[in-house]
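The structure under discussion appears below in the form of structure tokens.
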């Protein structure tokens, strides 16, 4: 078995003016267990960044920390900085609901509301006091078009969201997330429950979305990371080992552990 130098690191950085988000010395603890170990990482605007690594490496925990989703776990504790527009959104005085408007989340399995397709999009807006039907109609159409779903559902908006296929439900969840105009979309293995055709459709949607959004995606699928992302980050045991342009990670990794992981030799 290969002995790796786990102190070896190769992590790129970006000019300040190109950043969508960054973390500094980010740690996540579940009780006494340290799940994320002091990660410094930057994300470039309007790019797709894939987080990869074996199960339990911390990539989903890291992703969930970015918009404070770990706050919902009683034993979780997050320290360090999460910098969005120069502001540390990990401060305890920050409104987590406002943070999540700017950093939207799409989960592993499609989770549409038990409502119509239309109401899935308008629910949050109506809760916020938007009553003008013309405004709501426009939000629905714009969001569904951006998620590449409008043409398939425009005549069925008042049918249950559960009548949609799995891939369509996931794109509905994307439409719901972008309807509140976030800057960043966080995706936690969004294609894991989808068939290959729906996965390709989702990736095509992501390519269109990155014109307007920064996307950070967790994936176990190496082919998906290689196809769909601009940058890839390799996590192992709570550490960020290597972070670079995707083509470099897959063709010229600087760390032996990264090279062996993406080529299927461990993990």
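Glycine too: its Cβ is placed from the backbone N, Cα and C atoms.
Noted in Swiss-Prot for the protein shown:
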- 21-262: domain 'ABC transporter' (DOMAIN)
- 53, 54, 55, 56, 57, 58, 59, 60: ATP binding site (BINDING)
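This view paints the features noted in Swiss-Prot onto the structure.
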{"residue": "53", "record": "ATP binding site", "Cβ neighbours (10 Å)": "25"}
{"residue": "54", "record": "ATP binding site", "Cβ neighbours (10 Å)": "14"}
{"residue": "55", "record": "ATP binding site", "Cβ neighbours (10 Å)": "8"}
{"residue": "56", "record": "ATP binding site", "Cβ neighbours (10 Å)": "13"}
{"residue": "57", "record": "ATP binding site", "Cβ neighbours (10 Å)": "23"}
{"residue": "58", "record": "ATP binding site", "Cβ neighbours (10 Å)": "22"}
{"residue": "59", "record": "ATP binding site", "Cβ neighbours (10 Å)": "27"}
{"residue": "60", "record": "ATP binding site", "Cβ neighbours (10 Å)": "19"}
- [ ] Provide the three-state secondary structure of residue 57 (ATP binding site) computed with DSSP.
- [x] coil
TODO: Within the same chain, and leaving aside 53, 54, 55, 56, 57, 58, 59, 60, name every residue whose CB is within 8 angstroms of the centroid of the CB atoms belonging to the recorded ATP site, in sequence order.
DONE: 61, 235, 236
